[in-house]
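What TrEMBL records for this protein:
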- 17-76: domain 'V-ATPase proteolipid subunit C-like' (DOMAIN)
- 143-178: domain 'V-ATPase proteolipid subunit C-like' (DOMAIN)
- 12-35: transmembrane segment (TRANSMEM)
- 56-80: transmembrane segment (TRANSMEM)
- 92-117: transmembrane segment (TRANSMEM)
- 129-148: transmembrane segment (TRANSMEM)
- 154-178: transmembrane segment (TRANSMEM)
Amino acid sequence: MASGFSGDETAPFFGFLGAAAALVFSCMGAAYGTAKSGVGVASMGVMRPELVMKSIVPVVMAGVLGIYGLIIAVIISTGINPKAKSYYLFDGYAHLSSGLACGLAGLSAGMAIGIVGDAGVRCCLELKRLNLFFLLLCLVFVCCRANAQQPKLFVGMILILIFAEALALYGLIVGIILSSRAGQSRAE
């Protein structure tokens, strides 16, 4: 055992893995959401360029997801200092679960924001071109891309995006709670 080290030697591995998981998975969700809804904004901008700035909302909301992962990663990494305070496997597992909760919630929210943002800002399908397969596919993915064809659906799209963003907020809150559990395994 190294001098000045207290606790389990492998425990920091799990803590740092949790910090990495929070940042990586949240940024993957942010990247997917930004890319998917950005493609929708770009293709909608060809049809209705005056709606581009209004339709950038999903891109911004997807970008926020990476910040949630960064917050948890910083909280976790500042809590790992085995030379100053004992760091046990319980602490490492608490930090790992914290990072996974925030990261995977951010990834799922990013996927939801990307799909809803893409479907919500443009409508590139015409009903006369649809066959049965594409009709079913459209019904699954909000049928038609709303904002370019029907601006009245913009408020509904924003509400759906807010609920998708709330998924990542739930992960952030649970991540903070789980991260705060680290250090409570043994009374010192």
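Note: Cβ is positioned from N, Cα and C throughout, glycine not excepted.
Bear in mind that TrEMBL entries carry predicted annotations, made automatically and left uncurated.
Note that this is a predicted model, so its numbers are computed, not measured.
Tallying C-beta pairs under 8 angstroms between the transmembrane segment (12-35) and each of 56-80, 92-117, 154-178 places 92-117 first. Cβ atoms under 8 Å from those of the transmembrane segment (154-178) belong to residues 22, 26, 29, 54, 57-58, 61, 64-65, 68, 71-72, 75, 94-95, 97-99, 101-106, 108-110, 112-113, 116-117, 120-121, 146-147 of the same chain, restricted to positions at least 6 beyond its ends.
Proximity of distant same-chain residues to the transmembrane segment (92-117), defined by a Cβ-Cβ separation under 8 Å and at least 6 residues beyond the stretch ends, is recorded for 8, 10-15, 17-37, 40-41, 57-59, 61-62, 65-66, 68-69, 72-73, 75-76, 79-80, 141-142, 157, 160-161, 164-168, 170-172, 174-176, 178-179, 181-182.
When pLDDT values are averaged over the domain 'V-ATPase proteolipid subunit C-like' (143-178), the model yields 77.
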